Amino acid sequence: MLSILAAGSVFFPGLFLLSKQCLKSIPALRWSERDAVIVSARLVSSVQAVMATSAGYIIASSCEDIIEDQHWLTCTYIMFAVPYFVYDIYAMFMCYWYKLQVKGHEDVSATPKHMTSALTSYLRREFLMVLHHVVMVTVCFPVSVFWRQGKGDYFQGIMFMAELSTPSVCLGKILIQYKKQHTLLHKVNGALMLITFFICRVLLFPYLYYVYGRYASIPFYKVPLAVPWHCNLGAGLLMAPQLYWFFLICRGALRLFTGSSRSQRPHTSTSAAKERQADGHAPPQPSNGYSGRPSEPELANH
């Protein structure tokens, strides 16, 4: 177990550092530290998502009995992926830190005072995403590895495949970061993100209840009454943030495909907004990509 945890602890931060260094040192690129950090963080998230989805498919497709069948990859990948959530909290903060430095806060330095202020602002702005990651490590990890006692690997595999939506979320973040909201790529990616997020995250728990109902030969609407209360509680707590993020994605998609209010403003209004941003009055976009500001065309995630 410890060797697998150690492997994950080396792999994800190591991939981040390797990607950042390559983006900065390859002659054809020579990206800045800020750009390299932001893109590398998205790259690592996408790699983890592909690995989780692949593991989930292998596990789910190999389990004929959805309760009793086991697959060695289930607990192995859980232990390997746990360090990712710890690393990602740091990576999201680094993205937030560099956005502060370019959006009217160029005077921000790495002094303890400024770092503490930025960390407080980051935790306040990204509270839900950070809480999600903390719960994954402190609650979901021990429950999935120890409390299940080897039962329900099929359900765990299906939950791994929820990560299928992450690569399109990460691409959406990058496109928004580099002002590519009005490109065809962003629109296609936005539609793909909307579909995959709805199928893989919103419909996830209803599907799991449906599958268990078929397994136990009980109607779908009776499944919540048949399973233990803590299963219903856990499903509800995990599904709640997904519904909130899906709402934000839908709101961003509506603005994207109907014409955002920003693109319809007079030129003078746009110029004034740019001046306010230059003066340092525009707060940075959330590092998770889900902006709560109504003026942001947020179509982006973790």
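Each Cβ is built from the backbone N, Cα and C atoms, and glycine gets one as well.
Taking TrEMBL as the reference, the stretch among 154-176, 269-291 described by the feature transmembrane segment is residues 154-176. Between the transmembrane segment (188-212) and the stretches 77-98, 127-148, 154-176, 232-254, Cβ pairs under 8 Å are most numerous for 154-176. The transmembrane segment (232-254) and the transmembrane segment (127-148) are in contact, since at least 3 Cβ pairs between them lie under 8 Å (pairs 6 or more apart in sequence).
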